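Novice: So TrEMBL lists the following for this protein:
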TRANSMEM  12-35  transmembrane segment
COMPBIAS  47-64  compositional bias 'Polar residues'
REGION    47-151  region 'Disordered'
COMPBIAS  65-118  compositional bias 'Low complexity'
DOMAIN    152-263  domain 'Low molecular weight antigen MTB12-like C-terminal'
Amino acid sequence: MKSGQQFSRQQLLSTVITSAVVSFVVAALLITLAVQALQREDRTSLQADASTAAQGNTDKNAPQSTEPEATTSSEPAPSSSTEPPDAEQALAAATSEATASPSTASPSSQTSPSTQADPDAEDAEDAPSAANNARGWQPTTPLPANFRVTNPNPSLDELNAIIHFLVATPASDEAKAANLEGGRAAVLIPQTVYRLGLFRAPLGWKEVTGPLELGQDRAVATLISESAGRPGVHTRIQFVYRDGNWRLANASICEGVRTVGLPLECPA
């Protein structure tokens, strides 16, 4: 009986010791795992700090752009105060071509090709001061608004005045038509030449010279003209006496259009 109780006590003690050993081992494992987890967390934190520090150094060393943003300023181009003639589309096409053409004058030209004609100073072209400064023929006094040459035997000055009135003054369509053989059908051509400023300062000039040939209702002279960026003109031109005054002949105005290169239709 006593030996049985002693055996039970030994077995119980052995069980308690075994349980204590197992608990100790489990606790040791848990502590080991916890320590390893803390070490991994520390390494991760250190790596993150190092990455952040490296990024900060990169940002500090990166060059900063100090150039100001470019700003563009657009101003509307000055519009001409002169109203276009009846055939607006033909005039617009001619004006566009003149704008796109090169602005380099021919070698014999003494004008400045880069200077645009000033529409505000158009009326001053006929003034005596302009006559003293411009190349080519200029009137000594402004021509009247209804200018015509009625002299049956015109002089070179009178023929020069007809050309000047047509291509270098802002006269009305009716007034210019009275100086053209083609009348109203031909007025678009000189009006376009005037608006482009081809044969007046500062872009160009013109002059009618001899020899002058006078016949029955017909006069023939020589026209010399130059315009920046366009072929010069040196040709014989004709005038016809019609309805009491001299007019530039259709054949001559068409030849001028072809020589200068304007996309305009010649009068019939």
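Every residue, even glycine, has its Cβ placed from backbone N, Cα and C.
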Novice: On the 0 to 100 scale, where does the mean pLDDT of the domain 'Low molecular weight antigen MTB12-like C-terminal' (152-263) fall?
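Specialist: Taking every residue in the domain 'Low molecular weight antigen MTB12-like C-terminal' (152-263) and averaging pLDDT yields 94.
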Novice: For the domain 'Low molecular weight antigen MTB12-like C-terminal' (152-263), how many residues does DSSP put in helix, in strand and in coil?
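Specialist: The counts are 41 helix, 40 strand, 31 coil.
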